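Over in Swiss-Prot, the protein carries these features:
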- His70, His72, His240, Asp315: Zn(2+) binding site (BINDING)
- His70, His72, His240, Asp315: Fe(3+) binding site (BINDING)
- Arg79, Tyr142, His175, Glu243, Ser320: 4-imidazolone-5-propanoate binding site (BINDING)
- Tyr142, Asn317, Gly319: N-formimidoyl-L-glutamate binding site (BINDING)
Amino acid sequence: MTLFISDSIFSSTEKKGVDFDKAFAGYIVVENGLIQKVGKGDAPESLKSQAEKIIDARGKTITAGLVDAHTHLVHGGSREHELAMKLAGKTYLEIHASGGGIFSTVRATRAASKEELTQKALTSLDRMLIHGTTTAESKSGYGLDMETEIKCLEINSYLNKNHPIDIVSTYMGAHATPPEFKDNKEGYIKFMIEEVMPEVKKRGLAEFSDAFCEDKIFSVEETERIMKAAADLGFKLKLHADEIIPLKGAELAAKMNAHSAEHLMAISDEGITALAKSGTVAVLLPATSFFLMSPIYAPAKKMIEEGVRVALATDYNPGSSPTENLQMAMWAACYKMKLLPAQILRGVTINAAYAIDREKTIGSIEEGKQADLVIFDAPNIDFLVYHFGVNSVDQVWKKGKLVAEKGRLVYKN
């Protein structure tokens, strides 16, 4: 049994009667990979005497393990050559239309071997881990053909079994229409619905299905067909929605009872109302707006005020958010979206867990949940986002085991 002691525990719990927006002084008992007890005040001497290990985190803050609910983890290559285009004022869609953007990464991902893609993803997961992430969603969508989509999803499965971070796998063939279907989007939609999605489901390679509902990518009508087909096959649903143009993607996500609608920089007031009513989680990606040098951020405060559950994620990908550090999204949420530290922490713990259907097992410090914990070298939650630009993680614990400490990996497979 391991006993954690701290004068700043932010539990992210949603239990009635608990002030979930404040940290408290207390203790956490961990045994067999699970949280056995959470208490306020001093730990009883009986617990201290029974503990095999006592982690004294006084002067530091303990949170639940961070959950990155939106990543494009498995991909080939990088796109630093596009930075000059962005600095020259080229938009995301202009770069995409010129053969760059997603298609650049599709070519690199198709050309890379399974071993190369796996090693690249493992390196990224290690970076995520030392910055506090203990669970991550991972989308395909840089293959767009049967072979490469399956390859990337098989890598997700391998990563989930061979790295401390738990991986939640998402099929996202509807990321773009590939070159071989350039003038035949309808043919590509049929290919996904009739061939790829059934094969992915048969092999058990993805829990969720996602699609990019955007001008010149997939229309609302096309996206709805894809989502209905995915739901009929038994996939849970996610949606890239209202990222650049307000197409009523959020309303579609709510209509389809999707677990999450993601991006949402161009969401309408009606879209916000729809998400609040449906319970669909808004997964917001402030690091993406930052990297794209955009002045437009999703209206996070308004969403929260209207009752939308808001999560925050990195959107880790080579084109619009090349960072594995979820703390970057936290800082951007504070300084660009004006969210409070408690709102931010809930966004990367319990709300993010809801976005990937894991709220019953992770995302908060509660009895019976998985013992995924992060100890931050911060005396309180305000300091955690106030002291920006550094890795504030002191220790990362996964299922009750120490896996990273002071920027170093200490896990053993």
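Here the Cβ of each residue, glycine as well, is placed from N, Cα and C on the backbone.
Considering only the binding-site residues Tyr142, His175, Glu243, Asn317, the residue whose Cα is spatially closest to the Cα of His70 (Zn(2+) binding site) is Asn317. Neighbour list (His175 (4-imidazolone-5-propanoate binding site), Cβ cut-off 8 Å, at least 6 residues apart, same chain): Ile102, Lys139, Ser140, Gly141, Tyr142, Leu144, Ala211, Phe212.
Within 10 Å (C-alpha to C-alpha) of His72 (Zn(2+) binding site) lie the following binding-site residues from Arg79, Glu243, Asn317: Asn317. The Cβ of Asn317 (N-formimidoyl-L-glutamate binding site) has Thr71, His72, His75, Thr105 as same-chain neighbours under 8 Å, each 6 or more residues away in sequence. Summary: among the binding-site residues (His72, Arg79, His240), the fewest other C-beta atoms within 10 A of the C-beta are counted at Arg79. Cα spacing between Asp315 (Zn(2+) binding site) and Glu243 (4-imidazolone-5-propanoate binding site): 12 Å, rounded to the nearest whole number. Within 8 A of the CB centroid of the Zn(2+) site residues His70, His72, His240, Asp315, the other residues of that chain are Thr71, Lys139, Glu262, His263, Val283, Leu285, Thr288, Ala313, Tyr316, Asn317, Ser321. Same-chain residues at least 6 positions away in sequence with a Cβ under 8 Å from that of Gly319 (N-formimidoyl-L-glutamate binding site) are, in sequence order, Arg79, Glu82, Tyr92, Ile95, Gly101, Ile102, Ser104, Thr105. Of all the binding-site residues listed here (Tyr142, Asp315, Ser320), the one with the fewest other CB atoms within 10 A of its own CB is Ser320. Other than the site residues Tyr142, Asn317, Gly319, same-chain residues with C-beta atoms no more than 8 angstroms from the centre of those residues' C-beta atoms, the N-formimidoyl-L-glutamate site, are His72, His75, Arg79, Ile102, Thr105, Gly141, Pro318, Ser320. The Cβ neighbour count for Glu243 (4-imidazolone-5-propanoate binding site), using a 10 Å radius and every protein chain shown, is 26. All protein chains shown were included, and the count of other CB atoms within 10 Å of the CB of His70 (Zn(2+) binding site) stands at 31.
Under the three-state DSSP scheme, Asn317 (N-formimidoyl-L-glutamate binding site) falls in the strand class.
Cα-Cα distance from His240 (Zn(2+) binding site) to Ser320 (4-imidazolone-5-propanoate binding site): 14 Å (rounded to the nearest whole number).
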